[in-house]
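Visitor: Next up is a structure, given as structure tokens.
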Amino acid sequence: MWSTQGNNNVSNNTVTSTTAATSNTSPNSRSLGMTSAISVAEPKPSDLARTNELREALKPYNVFESDEELHHRMEILSKLNALVKQWIKETSVARNMPPNIAENVGGKIYTFGSYRLGVHHKGADIDALCVVPRHIYRSDYFTSFFDLLKQQKEVTDLRAVEEAFVPVIKMNFDGIEIDMLFAKLALKEIPDTMDLRDDMLLKNLDQKCVRSLNGCRVTDEILRLVPNIENFRLALRAIKLWAKRHGIYSNVLGYLGGVSWAMLVARTCQLYPNAVAATLIEKFFLVFSRWQWPQPVLLKQPDNVNFGFPVWDPRVNIADRHHLMPIITPAYPQQNSTFNVSVSTRTIMQEAFEAGLSATEQIIMGKATWDKLFEPPNFFCKYKHYIVLLAKSASAEDQLEWCGLVESKIRHLIGTLERNQHITLAHVNPEGFPPLNPEESRYCSMWFIGLLFAKSENLNVDLTYDIKSFVDSIEKQAEQLNMLKAGMFIEAKHVKRKELHHYVSPKLLKRERKALSQISGARNGNISGISPRSQELLKKRRSDPNADSEGKKRRIVDGEQPMSQGDDSNSLVDGCDDSNSGFSLDEYKQSLSTGKDETSNSGSTTSTSSATPAATKPPVVQEVCT
């Protein structure tokens with residue numbers, strides 16, 4: 001019987017000490033990650049109770065799937081796997097391979113992403129990979145296999161995106177959306193027991209196949225590198241929900257995507273290997289609200305493998321030195337999963353980390369429930385000025401394609417706005433909104449960008465050129481892709497907060513204003529979108545006298561040491577040591593008294609070798625343009 005490798009059913013039973021002990025290996029038997037653990041303390045009864053409360057709090061958000069729904073997914077994948085084997089056998093025979101040999105050449109469907117990690121929610125899609133032997137080609141996949149899928153009564157919305165950066169077939173299979181990639185290995189046959197983590201499988205492969213394999217390899221490596229998979233899963237479910245509720249879950253718009261959030265939670269698990277989910281969530285916010293970006297987050301030492309594929313390496317690649325929030329994938333060829341992050345999106349995420357820490361501290365003290373963590377921010381009350389992007393087309397099919405292109409380009413508009421000396425922050429909301437008054441013959445989607453302007457008397461900012469350039473670039477690319485059709489249209493408008501009721505539901509605006517009025521006292525009246533500290537850091541970046549006119553390249557200057565340019569194979573690791581995972585002064589004092597905490601101060605700019613108050617301060621990050 002074929003195994004999905006993604007059958008990661010998360011039990012809904014309450015947490016017990018037995019659950020805490022379920023792990024890859026004994027937590028104390030080895031150290032996972034780039035540094036030793038901060039704490040190996042076992043969970044207290046109160047930690048287990050809070051974790052049970054967390055699990056109950058997550059249920060209304062549909063983050064758990066029933067056993068029946070999971071079984072349905074497994075059946076779908078089993079059918080797809082059988083179709084792949086059938087197709088490979090028929091294609092092999094058509095190429096004059098003896099039937100008895102064609103019967104055994106294999107081929108297999110692998111899963112990756114949230115399903116493979118065991119953290120998918122109700123109705124989520126499945127990321128899958130079709131792995132074939134060397135005599136089957138990509139052209140076969142997008143022709144004969146595509147035709148075979150067409151014949152299946154369970155398959156609807158079938159479409160091929162062959163020219164994509166990572167070629168994919170998309171479909172709805174019996175009610176489940178599936179994105180299926182393709183990879184051809186340089187092997188005669190593909191056994192069902194094949195482990196894709198083997199680096200030698202990449203030898204002599206083309207770039208597209210390596211990219212396709214990367215999803216599975218990274219996902220499997222993340223699972224291998226966490227000390228307790230069940231605790232990791234529950235914590236990741238909560239963090240993903242929190243990120244989505246706070247509008248910071250979108251790789252394409254410059255926030256973090258699913259794999260990046262998974263790696264941050266995995267790093268937290270490495271630092272607190274015995275902690276249960278409730279504790280891991282608090283430590284997650286503690287660690288990353290104090291992280292000294294752009295110091296990278298790594299789950300392991302980069303592999304000493306060189307098959308000629310490009311890897312993230314700031315010693316060699318100049319562009320890598322300007323990444324603002326690097327989170328490095330753990331499988332060769334290692335990549336930065338967050339290269340889309342901008343100054344604005346990083347600032348917004350840093351604010352969210354700090355707010356998350358405040359919320360979890362209140363939860364731990366019994367002053368709030370877990371629902372507080374998942375309260376959405378009041379985006380439409382934060383700013384006085386907004387840009388509304390409207391993408392319109394004549395049909396539902398055209399709109400899906402048009403919105404995909406527009407959304408993929410919004411981060412470039414954010415970059416342009418950031419380079420405007422009068423704009424302190426450009427905050428894009430990842431949620432697409434339908435129009436309040438839809439037109440009968442036209443489909444429309446809207447995105448909102450909140451703008452924070454620099455304080456100045458008689459400020460008059462003209463964004464006409466920036467917005468027109470953005471619109472022109474999208475239309476030009478659509479023409480190059482032969483995608484621009486009659487009725488496709490993009491429009492950008494500058495609106496003030498008081499005008500939002502023309503675009504957004506008055507009920508939503510009223511709810512946000514009510515929520516804001518309840519917490520404005522706690523925020524000391526700050527409704528400008530970001531905290532005074534972050535505003536001050538952004539001002540420093542803009543006031544640097546060495547900034548060039550374009551401001552396209554950024555570097556971190558506070559405490560950063562230049563990377564070695566030598567050939568030492570360990571210099572990348574030395575320059576990228578992620579041991580700056582600071583923890584609280586109380587934790588440090590506890591480690592001195594109990595002897596249970598282990599810390600690493602090798603190469604760390606927040607060394608914990610002495611109990612100084614400075615160790616608890618968030619890092620001062622000063623950004624300038626070079």
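Each residue's number is its place along the chain shown, starting with 1.
Placement of Cβ uses the backbone N, Cα and C atoms for every residue, glycine included.
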Visitor: Report the candidate from Asp174, Asp179, Asp192, Asp313 that shares the ATP site with Phe112, Gly113, Ser114, Asp125, Ile126, Asp127, Lys240, Tyr249, Gly258, Val259, as recorded in TrEMBL.
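Guide: TrEMBL lists Phe112, Gly113, Ser114, Asp125, Ile126, Asp127, Lys240, Tyr249, Gly258, Val259 binding ATP, and from Asp174, Asp179, Asp192, Asp313 it also lists Asp179.
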Visitor: Want to know which binding-site residues, from Ser114, Tyr249, Val259, are within 10 Å of Asp127 (Mg(2+) 1 binding site) at Cα; which are they?
Guide: Ser114
Visitor: Across all the protein chains here, work out how many other Cβ atoms are within 10 Å of the Cβ of Val259 (ATP binding site).
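Guide: Counting Cβ neighbours of Val259 (ATP binding site) within 10 Å gives 22.
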Visitor: By DSSP, what is the split of the domain 'Poly(A) polymerase RNA-binding' (378-433) into helix, strand and coil residues?
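Guide: Final tally across the stretch: 27 helix, 16 strand, 13 coil.
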Visitor: Just to be sure I understand: of Phe112, Ser114, Asp179, Tyr249, Val259, which binding-site residues have a C-alpha no more than 10 angstroms from the C-alpha of Asp125 (Mg(2+) 1 binding site)?
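Guide: So the list reads Ser114, Asp179.
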Visitor: So how far apart do the ATP binders Phe112, Gly113, Ser114, Asp125, Ile126, Asp127, Asp179, Lys240, Tyr249, Gly258, Val259 get, largest Cα to Cα in Å?
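Guide: Taking every pair among Phe112, Gly113, Ser114, Asp125, Ile126, Asp127, Asp179, Lys240, Tyr249, Gly258, Val259, the longest Cα gap is 20 Å.
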Visitor: For the recorded Mg(2+) 2 site formed by Asp125, Asp127, Asp179, name the remaining residues of the chain with Cβ within 8 Å of the site's Cβ center, in chain order.
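Guide: Neighbours within 8 Å of the Cβ centroid, excluding Asp125, Asp127, Asp179: Gly113, Tyr115, Ile126, Ala128, Lys170, Glu177, Ile178, Met180.
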